[in-house]
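Shown next, in structure tokens, is the structure this report addresses.
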Amino acid sequence: MASSGQKVVLITGCSSGIGLRIAVLLAKDEKKRYHVIATMRDLKKKDKLVETAGDAYGKTLMLLPLDVCSDESVKQCINSVKDRHIDILINNAGVGLLGPVESISMEDMKRVFETNFFGVVRMIKEVMPDMKKRRAGHIVVMSSVMGLQGVVFNDVYTASKFAMEGFCESMAVQLLKFNIHLSMIEPGPVHTEFETKMMEDVAKMEYPGADADTVRYFKDVYLPSSKDIFEAMGQTPEDIAKCTKKVIESRNPRFRNLTNSLYTPIVAMKYADETGGLSVNTFYNLLFNFGPLMHITMSILKCLTCSCLRRRTISPN
């Protein structure tokens, strides 16, 4: 139970990665300002979180089961919180999907939207009425730079993030009237167990339905380029957790928060040309015409982006 003066923070998707690190960082806050409710679909996967939280577990951090794809699970989770009082909701739960779209089933596409989009909508719908009554609250959504700029072979995942960005951009206006802030956290590549395993798995898979050239472009061109980008520009879950903490502690939290300043020019390029041709042609040339040059560039960037520089990229300011 939260102590007097503590803010109640509910976080989805805390079994690993970014969600785990946010939960632990807030639970271990030196001033003990937060009572963290870490949630996950399967509590059997709690061990890593409990171990990382250490003494904070059972004090400033508690666990609840939550499946964001289930209306009933969402309602039960929120109802189990004292007075349904949640000061800060952090929507982190998500799934990825990578590969040629011809080989991806409609069921898999719907699963991504069910978690990444409708899962967020369910959570917001459940906590928003109580926040409106109190005229106070902060809703944080873990988005992605892919919610701002499409990335080849990430078509469905990108679409789910674009949908979420549009939904939240609309909601933010209404919520502000009730003194409720809505903030998007928009990382680029992040080194997590989830990402590593997904990249390893897709490299071994067959892609029925996709033509041979597309499969070759995906495996021999996109995947090596993606690996270079992750190694040169990737952040850690701890980086994203620190950025999120800064956002929720800001007096005037921003709506959009790119966590990696190295991506700012990429996003700016999209809005510099209203026809869309600049960004489409640039990414086409980088991937298909200047692949070796990009590899060299990423290698140089990897050397230049020392730990000191990377620490500076986590600030939302």
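Cβ coordinates are placed from backbone N, Cα and C, and glycine is handled just like the others.
Residues or ranges marked as active site, proton acceptor in TrEMBL: Tyr157. Per TrEMBL, NADP(+) binding site is recorded for 13-41, Asp67, Lys161. Residues or ranges marked as substrate binding site in TrEMBL: Ser144. Among the features that TrEMBL reports, domain 'Ketoreductase' is placed at 7-193.
In this structure, the CA atom of Leu25 (NADP(+) binding site) is 27 Å away from the CA atom of Tyr157 (active site, proton acceptor). Once Cβ contacts within 10 Å are tallied over all protein chains shown, the binding-site residues Leu25, Ile37 are led by Ile37. Taking the Cβ of Ser144 (substrate binding site) as centre and 10 Å as the limit, one finds 27 other Cβ atoms among all the protein chains shown.
Distance between Cα atoms for Ser144 (substrate binding site) and the residue listed as 'active site, proton acceptor': 10 Å, as a whole number. Here the Cα atom of Gly13 (NADP(+) binding site) is found 17 Å from that of Tyr157 (active site, proton acceptor). For Arg33 (NADP(+) binding site) paired with Tyr157 (active site, proton acceptor), the C-alpha to C-alpha distance reads 35 Å.
Rounded to a whole number, the distance between the Cα atoms of Gly17 (NADP(+) binding site) and Tyr157 (active site, proton acceptor) is 18 Å. All protein chains included, Gly17 (NADP(+) binding site) registers 22 other Cβ atoms within 10 Å of its own Cβ. Around Asp29 (NADP(+) binding site), the same-chain residues six or more apart in sequence whose CB sits under 8 Å from its CB are Thr60, listed in sequence order. Neighbour density for Tyr157 (active site, proton acceptor): within 10 A of its CB lie 22 other CB atoms from the protein chains shown. Compared over the binding-site residues Gly13, Arg21, Arg33, Arg41, the count of CB atoms lying within 10 A of a residue's CB peaks at Gly13. The average pLDDT computed for the domain 'Ketoreductase' (7-193) is 97.
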